[in-house]
Every structure is written in C-alpha cells, then in structure tokens.
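S.K.: My structure is below; once you've seen it, I'll send some questions.
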Amino acid sequence: MSSDEDKCSLHVAHNDSDRSVSTDLQEEYEELLRYAIVNPNVECSASQPSHLRGEVAPDRFPTLAGNNPVRDTELEVGKGSDLNISSHSKSGSPRKPSHPVMDFFSSHVLGDSSSPASLSTRTDAHEINGGEHLVSDENFQKLENILDIWSSGLKTNVLSELSKWRLNFIDWHRMEMKKEKEKHAVVVKQLSNQISDLKELQKAFEISIGRKDEVISNLSRAIGKQKERIELMKSFFRWRIGHVKSRQEIYEGKLADQYFQRTLLKKVWKGWRSVVQRQWKDVVERACQARAEEVCVQISNDYEARLAMLSGALENAKAEIQKMQQEKDHFEDSMKKAFMRGVCALNLEAMTIFQNKNEAGIDFTNNKKEESGPGGPGREPSAHLDTSSSTMPSAVPSQLLPSGPLAAGVASATAFPSAASLTSAGATSASSLHVPISILSAGSAAAPAPEESYAPRVVTAAQQKAGKTITARITGRSDFGSKARINSSLAIMGVSPPMGSVVVEKHHPVTVQTIPQATAAKYPRTIHPESSISASRSLGARPGHAQSLSVQSIKVVD
C-alpha cells in the first residue's frame, strides 16, 4: 500500500510539470496566430505583443538565446509577463494523476494531432481574411522568426522534460526496488521463522509419536500378559469351585450326624430331668426353710439385746436430765435472790441520796398526771423524751414474784422508775438516773398482768447535793455454758444470759464538763426497752413454778 501511494504522489508531480509546459506552449501558439491575422490598422499594436511574446522564449531556453545580446535584454524585460502567464496557466489547468512517461507521450501526441487541424483551420481563416485584407512581408518575416524560435524552444523544452522524467523514473524505480527488497527480506525472515518453528514442531511431533508408539507397545504387552493371567485365573477358580463343592458335601454330612446325635441327647436329658427334678425340689425346699428359721431366730435375739441396752441408756439419761433440771432450778432461785438483794441495796442507797430532792419532783409529776387525767392521750412535750418509747411491758405476774424480802425489793424496784423525768433549762450541769428494769418470765399456767409504763428519770444538778458523784454499773457473768435444756424456759434480756454475780463499781466525780456533755444532759437519750429484748427460748416447762430475771443499771452523776 505504501508503494502504491508513493507511485501516485510521484505521478502527480510529473504530470503537473508536463501539463504546465504543454499548456504554456499551446497558449503561446494561439496568441501568435491571433496577432498574426489582424487588420492593417492594428498591425502596429499587434507587433508589440508579438515582440513581448518573443522575449519570453529566451527566458525559458537560455542556451539558445545566449548568442544574441539583444535578445538577452529583451528576455529580462519580458520575465514578469511570462511568469504571470505561466502561473495563470498552471492554476487553470486540471491535474490528473498518471504515469509520467505515458502522460508525456499521450499529451504531446494529442497536441501534435490537434495542432495541424487548428493550423489548417487558422490558415484557412487567414487566407480568407488575407483575401480580404492585405498582409505585409514584414509581418510574415516576423511570424517566421517567431515560429523558428518557438520550434527551437519547444525542442529544448521537450528534451529537458524527457531527461527530467527519465531521472525521476530512475529514482522512483530505485525506491520501489528498495522497498520491494525490504518487503522481500521481511517476508523471507518471516518464512524462515515459520520454517524453524515448523521444524521444531516436527521434532516435537516425532518425539510424541515415538512416545505414543512406546505406550502402544507397552499396552499391547500388558494386555497380552493380562490375557494370560485371566486364563490362569479362570482355570484356578474352576478347580477351586470343584474343591469347595467337595468339602461342602463332606461338611454337610458331618452336620447331619451332629444334629442327629444332639437330638438323641436332648431326648435322653429331658427324660432324666423329669425323673430327678421331683426328688431334688423337695430336698432343696427343706434345706431353705431350715436355714431361714435359723436366721430369723438369730436376728430376733440380736434385736432384743439391743433394745434392752438402749432402754437402760434412756432411763439413765432421763435421770440425769431430771437431776440437772433440779440443780438448775435451785441455781436460778439462788441467783434471783442474790440479784434482788443487790438491787434492793442499790435502790435504798439511791433513795437515801435523792430523798429530799425527789419529793418535789414526785409531787410535780403527780400534779401533771392528775391534770392530764388517767386516760389522757399524751404527755407534756417539755419533758425532752421520746414518748413513743416511754412505755414498756414490765408487768410480772403476782404469783411468780418471790415472797418475803424479795417481794418487797421487787416492789420498790418497780415503783421507783415510774417517776417522771424533770429537766431544768438553765442548768449548766446535769445528772441523770437511768434505771431500766426488765423482768421476763415463762410459765405454762401463768396469766400476764396489766402493763405498767415507765420513763427514765432526769435529775438536774440543782436537785442534787453538790460535790458528790455516784456511778454504779451492774454486770452479770454466766456460770453455765449449756444453751439447750429440756423441760425449762429462760427469758433473756438483750444478749446477757442469767447472771451469776453482781459487780458494783464506783467512779470518781467528773468536774469538767464540755458542751456535748451539757447538751446530752439537757437532751437525754431515751431508752427503748423493746429493742433490747430478745426472744426467749423454751428449755422445758414445769407447772406451778415460774422463773424471773431482772437486770438494773444505775448511773448517778453529780
């Protein structure tokens, strides 16, 4: 494709140059004829363009015009007009691509063939016009000169164009040959590569064919060996089938003999068992019965011995429990007596101390009670006490209280805390007396008495004797550690067990008071007896006998 395009471009270039020369020559020839056949009046004007046209030829053919110096000057003057005419002819002529040599011959042959006809027609017209108008000899001479110059220029132009075309054709031919050689080399290289690839492929195919031949030969040998093996296996299995059949027949005969013998043995064994089973069953039943009787007798003897032993231990335990219960009752009675004696002593000592001061307080509280009434809904709020906790069930059944001096001590202890508390707003020091009494009792036939409320008594320093401080604290210690007792009941206050001893401690007087102590004396803490009572646990109940316990804490601050 590239070579065809180069050819077309080269042909177009040659054709353009060829067409420009032929068209220029033909146009000049027509102008000469036009100026040669004119009227006499126009001869002078026609002669000047002919000279100008004659001056163009030496410009194009310098080799021929170089002998005449006059023509050289004329050619220099006529260069501009000739260039304009040639440019006009080039732009007006059409361009047709063709081979340069064929274009040259075809254009000139056609030009030569057309030029005589045009000359003949023009000569005829000239003759006709000449008959009418006279033509001078000078004009004929000029025309002859111009025609000579034109023919010589045409010859030189044709020869130069032919030489150019020849050179161009040779160059084009060389280029085409070079391109064709390059293409040929590329094609040869491609073909050589293909040949080498095909040779390698041929070698690979030969190798694969050889391998396939080897595989085929190996398979054929393996198939032959397999056929031989199959034939051997067929013969072997035929022999084996016959051998197995013969052994099977022998084994079936043995099985039949064994089955026959077993059936005979079963029949014999069933007959023997039916005979022997009756006697054996009776013997076994007698033996089992005798053994069971012996075991039952032995078990009954063992259980009787164990029962007697356990009943004796139970009696001993009951006697010990009763003895311990009696000791406990005696110990509790002695403890109550000792405790009440101590309480009575403390109460008497406290009453002697506060005898003079308490009379006014008791009278004051009695007046308040009478004013509020026995069934009054509330107390005076000035008594700095928590009324919700001022009452406590402290009643004790009358039949449970001890007789004699114990009863008197209990009566005095229960009557003393019932006094109302008194406070003095202007006092800087305060003394308080807290006497909580709790008596808990348990009895199966005892009926509870009506409850009596009490409140802690607060006595100010104005009601006491100056310079005397008595602080008493009673603590109890448990003498027995057993927690569970049978057939007894025990009432415990707080977390303290029944008291075995009473310890009274006296403290030195406190003379330095601080603001918190004064505030505490002014607003004493209310005791909630209900919160200090724990549930009593019943350890055993004895009808007609009750147990009671009282704990008292006294604190006097001067």
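Every residue, even glycine, has its Cβ placed from backbone N, Cα and C.
A quick note: this is a predicted structure, and the numbers were derived from the prediction, not measured.
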S.K.: Looking at the candidate ranges 154-180, 451-477, 532-558, report the one that Swiss-Prot labels region 'Disordered'.
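M.R.: Matching range for region 'Disordered': 532-558.
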S.K.: Can you check which of 218-258, 300-340 Swiss-Prot lists as coiled coil?
M.R.: 300-340
S.K.: Average pLDDT across the coiled coil (300-340)?
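M.R.: Residues in the coiled coil (300-340) carry a mean pLDDT of 93 in this prediction.
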